[in-house]
Amino acid sequence: MVQITEVKENQSSRESRTAAHTHIKGLGLNEQGIAKPIEGGFVGQNEAREACGIIVDLIKSKKMSGKAVLIAGPPATGKTALALAISQELGPKVPFCPIVGSELYSAEVKKTSALMENFRRAIGLRIKETKEVYEGEVIELTPEEAENPLGGYGKTISHVIVGLKSAKGTKTLRLDPVIYESIQKERVTIGDVIYIEANTGAVKRVGRSDAYATEFDLEAEEYVPLPKGEVHKKKEIVQDVTLHDLDVANARPQGGQDVLSMMGQLLKPKKTEITDKLRTEVNKVVSKYIEQGVAELVPGVLFIDEVNMLDMEIFTYLNRALESSIAPIVVLASNRGLTTVRGSDDGVKAPHGCPPDLIDRLLIVRTLPYNQEEIKTIIGKRASLEGLTLTDDALEKLSKQGLTTSLRYAVQLLTPAGVLSTTAGRSEITVQDIEECEFLFLDSRRSTKVLQETKTFL
């Protein structure tokens with residue numbers, strides 16, 4: 001007898017990479033909007049989380065459009081995590097566009113144009129369309145031929161007869177030969193479930209009817225049930241696009257298939273800068289759709305991290321962009337106190353690296369440094385997320401290290417310590433592993449001290 005053994009699926013290969021904010025699942029607020037001490041991957045920062053909860057409510061009720069929020073606080077206090085939690089609370093349907101201040105500087109595109117591009121990435125458009133469709137299982141597929149009008153012995157397809165069956169009956173359709181080409185492209189055969197759009201003639205193969213599911217043992221087919229209702233029905237289709245998608249679609253129209261147009265596309269590798277005129281035209285079309293009730297504007301969130309990297313030109317443009325009729329909610333983050341604004345001639349210091357006229361427009365959310373107990377809880381959560389086990393003494397040692405140096409350094413020591421404990425044949429990370437990691441990897445303060453002592457060389 002031939003031996004057959006079942007291959008067990010390797011679960012470890014499915015696990016996604018553990019990133020810096022993998023553990024963040026939301027703001028962790030209760031029904032009254034009050035922050036729970038440890039919830040949604042957050043520990044502490046109750047006031048900041050509650051403030052962000054109010055911002056989320058304002059965004060959902062569409063009362064926050066064109067306003068800006070600044071999350072300010074020392075490094076490693078969860079500013080980026082708060083912005084990520086806001087995006088998760090809003091859900092996947094609301095556009096969220098995260099960028100870093102230095103991303104706006106490019107040799108090909110102007111700074112202001114790059115900022116406007118990201119502005120429009122953060123504004124969604126929900127288009128609702130009612131389409132007439134014929135949906136059912138194919139029970140007949142007969143092309144009808146006719147004499148070639150151009151002469152000769154060949155024949156052309158004049159039309160195609162398609163029979164469709166649904167739960168409530170059958171219909172036989174006489175379709176144009178162009179639709180027959182679409183049917184051939186989709187490789188439709190009898191027994192497939194398809195739908196045909198009445199207006200455009202687009203054909204979509206949904207899958208194979210589940211009545212044929214037992215025909216073969218090994219198949220890569222997707223079996224679907226027989227469509228409910230009548231063959232001819234009206235379907236409401238909702239599409240979510242951003243204004244930037246519409247800009248790009250209109251900025252790069254599809255050229256012909258001739259050699260000149262193909263050469264033109266090859267010779268133009270540079271990024272296309274979308275003009276203000278094109279954006280204005282797109283805005284007019286969008287406004288028309290909104291007035292007709294066909295589309296709905298969904299203001300999203302533009303998150304700009306390290307806002308102190310922006311210069312005076314961008315800040316001036318940002319002031320104007322926030323006042324425009326179509327603007328998203330802008331969330332800024334800065335870990336600077338009083339610092340010089342880039343591009344200012346007088347070198348005057350401003351709070352958080354933002355000019356005073358922009359600071360007036362911002363709602364400022366403050367994040368505070370973590371205490372030792374909070375650091376201990378965060379390290380414990382990260383360890384469980386990475387599948388590591390620490391002894392109580394090792395956790396205490398790491399939390400003290402996080403308090404004296406930085407939380408990031410303490411969290412970064414976890415994985416190397418896990419490797420050392422596995423190499424030594426231990427199932428738990430001990431104080432010895434932490435001390436060895438501290439010896440092998442310097443933190444910023446010890447590294448600076450070494451440089452000061454050696455002065456001219458490492």
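Cβ atoms are placed via backbone N, Cα and C, with glycine included.
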The annotated region 'Disordered' range in Swiss-Prot, which must be one of 1-20, 381-400, 421-440: 1-20
Other same-chain residues whose Cβ falls within 8 Å of the Cβ centroid of Gly73, Pro74, Pro75, Ala76, Thr77, Gly78, Lys79, Thr80, the recorded ATP site, in sequence order: Asn335, Thr367
DSSP three-state assignment (helix, strand or coil) for Gly78 (ATP binding site): coil
Binding-site residues compared (Gly73, Pro74, Pro75, Gly78) - the one with the fewest other Cβ atoms within 10 Å: Pro75
Cβ contacts of Lys79 (ATP binding site) (under 8 Å, same chain, 6 or more positions away): Ile71, Ala72, Gly73, Asp305, Ala333, Asn335, Thr367
Around the Cβ of Ala76 (ATP binding site), the count of other Cβ atoms that are within 10 Å: 20
Cβ-Cβ distance under 8 Å to Thr77 (ATP binding site), same chain, at least six residues away: Gln45, Thr367, Leu368, Pro369, Tyr370
